[in-house]
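A.B. asks: Quick one: this structure, given as structure tokens, is what I'll be asking you about.
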Amino acid sequence: MIQVLLVTICLAAFPYQGSSIILESGDVNDYEVVYPRKVTALPKGAVQQKYEDAMQYEFKVNGEPVVLHLEKNKHLFSKDYSETHYSPDGREITINPPVEDHCYYHGRIENDGDSTASISACNGLKGNFKLQGETYLIEPMKLSDSEAHAVFKYENVEKEDEAPKMCGVTQKWKSYEPIKKISQLNLIPEQQIYDPFKYVETVVVVDKAMVTKYNGDLDKIKTKMYEAANNMNEMYRYMFFRVVMVGLIIWTEEDKITVKPDVDYTLNAFAEWRKTYLLAEKKHDNAQLITGIDFRGSIIGYAYIGSMCHPKRSVGIIQDYSPINLVLAVIMAHEMGHNLGIHHDDGYCYCGGYPCIMGPSISPEPSKFFSNCSYIQCWDFIMNHNPECIDNEPLGTDIISPPLCGNELLEVGEECDCGTPENCQNECCDAATCKLKSGSQCGHGDCCEQCKFRTSGTECRASMSECDPAEHCTGQSSECPADVFHKNGEPCLDNYGYCYNGNCPIMYHQCYALFGADIYEAEDSCFESNKKGNYYGYCRKENGKKIPCASEDVKCGRLYCKDDSPGQNNPCKMFYSNDDEHKGMVLPGTKCADGKVCSNGHCVDVTTAY
């Protein structure tokens, strides 16, 4: 039996109420002082990392005990992550900082199923968490010889400017030209198996105005970007995306473009710079410019719609207008959402009763959730435009430079690379040779634990749906096996549907996503409207013309739902928008009859559909 050593730090956990204080997040007029207690279970004899993969903290909020569970965000940085700034004489300085043992976490509150957390544990706890439906911020109070932290609500941070802040996107621009993969990287065979997650390899660019705003403190700027990216990563996790930082560029001496308050000018200039310079220097899928200037009017962000993977337009520009990093993350997530084909939410969209990320303006309490509309629009864009650059998970093999032992990048010929002998914190790896130490089977990976392969059968990737079984360690490798799905067309949900790319699409779920609770699939007679071939009732478009459904295909056109919600009696409810004609259509792979599924507007035999 494995003995467990319980490590307890700072036993004090009593709260204290304060009326006003100045913190990094701004002037806070109501806060609570807490003393988080860290409790971590370590196997006896285990070597503790500087920042553990999993941690647990206990403290009190409003007098009630809270247990915060944290897990390191292992998808925050790519293995070839780089940072670039410039010397006073204009020389470019690029480094590959150690990122494996970073201090950024996602988490949850014990016994609160709707809770979330995005926390930096670099110097105390700093970040945000959702508890009982409310968003709280936490950060150290920077008192000498004290573990005191302040916990407060976003609404209690004084705002310098109460005017509503808006996204500048008003036009429904879409790129209908074929979007080709920018990178020449070929997927390894294991990656050709369908992966439920998409990976957006992102470069963040910080302009000279930001450097001036933060008095040239590059560490403060970097920390702000890390925390914002960690928040953003959590937001996209529920969309089945991983937003991975592959690079941070800080224009320390001068801007590489002219950054103006005119968002149209600045967005186009940044897009041109990205296309002509950045793509040649750094493999990536998307770039975001963070600026310290004030955009014209109330605009704080701007981006192209439906442009992910486009060599020029896969960009967004964001104004850093709030000291709260969660706010910056929301704007970054919002603008990237436009790149992924997502429009602004309207009155029909919802996200569990909370404000939604894709609202046209920043809500009084920044949201961490995408709406049902956003989910449908995003995946509709992916299915219809196939932006291939987001299909590959960032790997060490993406690196083009010659292998170099000690750079913390796992390259050809190396079994491990933990940095220089002075900085190496991996007990499994010989830093001088980049080979595993004697007796070690592995040095990293989801199936590696204390330098040994994890036991065969240990779960390493959870099931995401009935059509997506969990993966388990083999006992022979440090890596989790490739993610595999049940075969397309296999029955699921008690034969109500058929598996399709790891999901089980059925009309009831699609109705719920569009309209909310008390919504069901409509009677068959409602779908007869799809025979009309008019502006809303059709099966598919060919050369811009809407093709009416044949009798056997009517359940593969517009989706019809029965609304039994209070005060409603609509047996044939449907959704149509001129701005997004695809929204409200039955999704591919949906069951349309016994033994049949929708494919390109036809109801076809499931045995031949795939």
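Placement of Cβ uses the backbone N, Cα and C atoms for every residue, glycine included.
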A.B. asks: Looking at Swiss-Prot, GLU201, CYS389, ASN392 are annotated for Ca(2+) 1. Which of ASP264, ASP285, ASP320, ASP468 sits in that same site?
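C.D. replies: Looking through ASP264, ASP285, ASP320, ASP468, the residue Swiss-Prot assigns to the Ca(2+) 1 site is ASP285.
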A.B. asks: Need the cross-check against Swiss-Prot: the disulphide partner of CYS572, picked from CYS504, CYS511, CYS526.
C.D. replies: CYS526
A.B. asks: If you look at what Swiss-Prot says, which of CYS442, CYS460 makes a disulfide link with CYS448?
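C.D. replies: Recorded partner, per Swiss-Prot: CYS442.
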A.B. asks: Identify the disulfide partner of CYS351 as annotated in Swiss-Prot; candidates are CYS356, CYS373.
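C.D. replies: That would be CYS356, the partner Swiss-Prot lists for CYS351.
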A.B. asks: If you check Swiss-Prot, which of CYS405, CYS460, CYS467 bonds to CYS434 via a disulphide?
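C.D. replies: So the cysteine paired with CYS434 in Swiss-Prot is CYS405.
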A.B. asks: Disulfide-wise, see what Swiss-Prot says CYS480 is paired with, picking from CYS460, CYS467, CYS492, CYS499.
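C.D. replies: If we follow Swiss-Prot, the cysteine bonded to CYS480 turns out to be CYS460.
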A.B. asks: Of ASP285, CYS389, ASN392, ASP468, VAL484, which is closest to CYS561 (disulfide bond) if I measure between C-alpha atoms? They're all binding-site residues.
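C.D. replies: With Cα distances computed to CYS561 (disulfide bond), the winner among ASP285, CYS389, ASN392, ASP468, VAL484 is ASP468.
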A.B. asks: Just to verify a number: CA distance, PRO469 (Ca(2+) 3 binding site) to GLU201 (Ca(2+) 1 binding site), in angstrom, no decimals.
C.D. replies: 26
A.B. asks: Return one of helix, strand or coil for CYS429 (disulfide bond), based on DSSP.
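C.D. replies: In three-state terms, CYS429 (disulfide bond) counts as strand.
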A.B. asks: Relative to the Cα of CYS598 (disulfide bond), which of the binding-site residues ASP285, CYS389, ASP468, GLU471, VAL484 has the closest Cα?
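C.D. replies: Nearest candidate: ASP468.
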A.B. asks: Check the Cα distances from CYS309 (disulfide bond) to each of the binding-site residues ASP285, CYS389, ASP468, VAL484 and keep only the ones within 10 Å.
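C.D. replies: Those close enough are ASP285, CYS389.
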A.B. asks: Among CYS448, CYS473, the disulfide-bonded residues in question, whose Cβ has the most other Cβ atoms within 10 Å in this structure?
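C.D. replies: The residue with the densest Cβ neighbourhood is CYS473.
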A.B. asks: How many whole Å apart are the CA atoms of GLU471 (Ca(2+) 3 binding site) and CYS447 (disulfide bond)?
C.D. replies: 11
A.B. asks: What Cα-Cα separation, expressed in whole Å, is found between ASP285 (Ca(2+) 1 binding site) and CYS473 (disulfide bond)?
C.D. replies: 31
A.B. asks: Can you name the residues of this chain that are 6 or more positions from CYS592 (disulfide bond) yet have a C-beta less than 8 Å from its C-beta?
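C.D. replies: Once residues fewer than 6 apart are set aside, CYS592 (disulfide bond) is near ASP553, LYS555, CYS556, VAL586, CYS598, CYS603.
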